[in-house]
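Below is one structure, written out as structure tokens; comments come after it.
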Amino acid sequence: TVSAKEGYLVKKSNGCKYECFKLGENEHCDTECKAPNQGGSYGYCDTFECWCEGLPESTPTWPLPNKSCGKK
């Protein structure tokens, strides 16, 4: 079996999570999760941020080191 990673999707440029407003099944999160640059298998909205499952180990998830989304 191949172990898959899961976590909050994060914007590599600033360390911010992908926001969402419709909790649970969420087309936006699912699309972002399955995007070629992310490589996930399923995404949904959890606590107003996109959670992604089935990610390759190479895909970064929140939190990113040295990038705190504008917070100190």
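The first residue you see is number 1, and the count goes up from there.
Heads up, the Cβ atoms here are built off N, Cα and C, so glycines get one too.
Quick caveat, the model's predicted, so the values are computed rather than measured.
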(request) Name the residue from Cys16, Cys50 that Swiss-Prot records as disulfide-bonded to Cys29. (result) Cys50
(message) A 10 Å Cβ contact count, applied to the disulfide-bonded residues Cys20, Cys29, Cys33, Cys52: which residue has the minimum?
(response) Cys20
(request) Restricting attention to the domain 'LCN-type CS-alpha/beta' (5-70), give the mean pLDDT. (result) 96
